[in-house]
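Annotated in TrEMBL:
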type	residues	note
ACT_SITE	HIS65	active site
ACT_SITE	ASP110	active site
BINDING	GLY47, GLY49, ASP66	Ca(2+) binding site
DISULFID	CYS44-CYS136	disulfide bond
DISULFID	CYS46-CYS62	disulfide bond
DISULFID	CYS61-CYS116	disulfide bond
DISULFID	CYS67-CYS143	disulfide bond
DISULFID	CYS68-CYS109	disulfide bond
DISULFID	CYS76-CYS102	disulfide bond
DISULFID	CYS94-CYS107	disulfide bond
DOMAIN	19-137	domain 'Phospholipase A2-like central'
SIGNAL	1-18	signal peptide
Amino acid sequence: KVLRSPFCSFAVLTTTLSSLLDFKLMIRTVTRKSALLSYNGYGCHCGLGGRGQPLDKTDWCCHAHDCCYNKLNPSCHPYFDLYQYSIINEDIICWNINNSTCAKEACECDRTAALCFRKEASSYNKAYRYYINLFCNGSTPSC
C-alpha cells in the first residue's frame, strides 16, 4: 500500500502473516534481490543455524541478525511475531502499533539486517549462495 504524505515522498506500510514474510519483503525492497534465492542459505550464517567464521561482509550481516534474535526476550518468537513497518525514503521505520515489545524488537533486528545487506552489497558473492554448511570452518564468533 503506497501512502502519500506532505512529510515524505514515498512510504510503504505493510502487515503480513509472519515476520519471516515481512523480512523477505524488507530485503526485496531495499536490495532489489529475492530474499529466498539470494540470501537464504548464503554463506555460513544466512538461513537457519549458523556456524564457523562468516565468509564475507554479507555473511556477517546474517551473523549479526542471528545475534540480534538471540538477544530478544526468550518469550519472544521473532519468526512469527507480527509487526508493522514503513519504508520511507529508502529507510525502514518499525512501528509499535500493537504495544508488542517483541514484535518491535524483531522488526528492528530485521531492519538492521536488510539495511546491512544493502550497505554490503558489493561483498555479495554468488559462489556463496546455497553454501554447504559443512565447509564452514573455525569457531563461530561470539555476539
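From the backbone N, Cα and C atoms, a Cβ is placed for every residue, glycine too.
Overlay of TrEMBL annotations on the structure.
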| residue | record | Cβ contacts under 8 Å, 6 or more apart |
| --- | --- | --- |
| CYS46 | disulfide bond | TYR39, ASN40, THR58, ASP59, CYS61, CYS62 |
| GLY47 | Ca(2+) binding site | TYR39, ASN40, GLY41, CYS62 |
| GLY49 | Ca(2+) binding site | ASN133 |
| HIS65 | active site | HIS45, CYS109, ASP110, THR112, ALA113, CYS116 |
| ASP66 | Ca(2+) binding site | HIS45, GLY50, CYS143 |
| CYS68 | disulfide bond | GLU108, CYS109, THR112, ALA113 |
| CYS102 | disulfide bond | LEU72, ASN73, SER75, CYS76, HIS77, PRO78, ASP81 |
| CYS136 | disulfide bond | GLY43, CYS44, ARG51, GLY52, GLN53, LEU55 |
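The 10 Å shell around the Cβ of CYS76 (disulfide bond) contains 17 further Cβ atoms across the protein chains shown. In the three-state DSSP assignment, the secondary structure recorded for CYS68 (disulfide bond) is helix. In this view, the densest Cβ surroundings among the disulfide-bonded residues CYS61, CYS67, CYS94, CYS109, CYS116 belong to CYS61, judged by other Cβ atoms lying within 10 Å. Look at CYS94 (disulfide bond): DSSP puts it in a strand. Taking the disulfide-bonded residues CYS44, CYS143 in turn, the residue surrounded by the fewest other Cβ atoms inside 10 Å of its Cβ turns out to be CYS143. Within the group of disulfide-bonded residues (CYS62, CYS107), the Cβ with the highest number of other Cβ atoms inside 10 Å belongs to CYS107.
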